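> Here you go, one structure.
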Amino acid sequence: MPPSISAFQAAYIGIEVLIALVSVPGNVLVIWAVKVNQALRDATFCFIVSLAVADVAVGALVIPLAILINIGPQTYFHTCLMVACPVLILTQSSILALLAIAVDRYLRVKIPLRYKMVVTPRRAAVAIAGCWILSLVVGLTPMFGWNNLSAVERAWAANGSMGEPVIKCEFEKVISMEYMVYFNFFVWVLPPLLLMVLIYLEVFYLIRKQLSKKVSASSGDPQKYYGKELKIAKSLALILFLFALSWLPLHILNCITLFCPSCHKPSILTYIAIFLTHGNSAMNPIVYAFRIQKFRVTFLKIWNDHFRCQPAPPIDEDLPEERPDD
């Protein structure tokens, strides 16, 4: 008999479905925009597509699995473990994509003349593949043994039961908090976030340094180049800020769970933290639409061509990246 759903669970499911309905179409639109607009084909936007793929998977896969876990079905331990791991893989993929974007923007302002020789499409593809392979390794580590199976088996045996334990599927019941804090957070989340902050600070420093130089008749193009880079860097730094704002609360709660087991965590805080992590997957397309003009114009063209049946004029690939007042 399936477990009954309370009014609170129904509200939770409703909010999760709403997030998924925004996240999936929004990020599909990002991928579509890069496909149809030749001006969105450089390395940065390839990494943005990788980030969008992870966000589509959050809406299409992780959120349905989170709803399933919230209902709390009775499953075998390893079945529940497989349900819990995808969010770890996709979170790590997002972090590494953001790190790749930050490094790419740094190279654009540090070595602008050699950038296209250093960051080739082949190297960008290798970097994206490497990010996903590393994400799979990090996210599937609990499947290789770093999990709560031994504790669950002891409790299972104490009840006189035999065979693989059958449990109420919950994230914290199968995923080790030592793994989440010491390995996932302290190694694969926090250091990359801090590194990205340092990279963007250096990017802004280098751009400001170039823009502060005396403008002459022959320096118009460099001024335009670095002005464009500053606007793009601001938009991508905002994406990083929103990611950190969305994910740090849940990791802080995990630290409290590990280091202060007796501390009371209001369940509403946990739900808010979960909503923030899932909601982050829906934020990026909105930022692109409002902050990056090439995306905004391409989104409108797709809308007019395929949904309003009113073909838009061809996209001007020389459009400025952002609004003049951004």
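Cβ atoms here come from the backbone N, Cα and C positions, even for glycine.
Quick caveat, the model's predicted, so the values are computed rather than measured.
Pulled these features from TrEMBL for this protein:
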TRANSMEM  12-33  transmembrane segment
DOMAIN    26-288  domain 'G-protein coupled receptors family 1 profile'
TRANSMEM  45-69  transmembrane segment
TRANSMEM  75-103  transmembrane segment
TRANSMEM  124-146  transmembrane segment
TRANSMEM  185-207  transmembrane segment
TRANSMEM  236-259  transmembrane segment
TRANSMEM  271-290  transmembrane segment
> If contact means at least 3 Cβ pairs within less than 8 Å, sequence distance 6 or more, would you call the transmembrane segment (236-259) and the transmembrane segment (124-146) in contact?
no
> If we skip the immediate neighbours and take only residues 6+ beyond the ends of the transmembrane segment (124-146), which ones have a Cβ under 8 Å from one of its Cβ atoms?
43, 46-47, 50, 78, 81-82, 84-86, 88-93, 96-97, 100, 104, 174-176, 178-179, 183-184, 188
> What residues in the same chain, six or more past the boundaries of the transmembrane segment (12-33), come closer than 8 Å to it by Cβ-Cβ distance?
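For the transmembrane segment (12-33), the nonlocal Cβ contacts are 5, 40, 48-49, 52-53, 55-56, 58-60, 63-64, 66-67, 70, 271, 275, 278-279, 281-282, 284-286, 288, 295, 298-299, 302.
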> In the same chain, who gets a Cβ under 8 Å from the transmembrane segment (45-69) while lying at least 6 residues past its ends?
12-13, 16-17, 19-24, 26-28, 30-31, 34, 80, 83-84, 86-87, 90, 93-94, 97-98, 100-101, 104, 121, 124-125, 127-128, 131-132, 169-171, 274, 278, 280-282, 284-285, 288
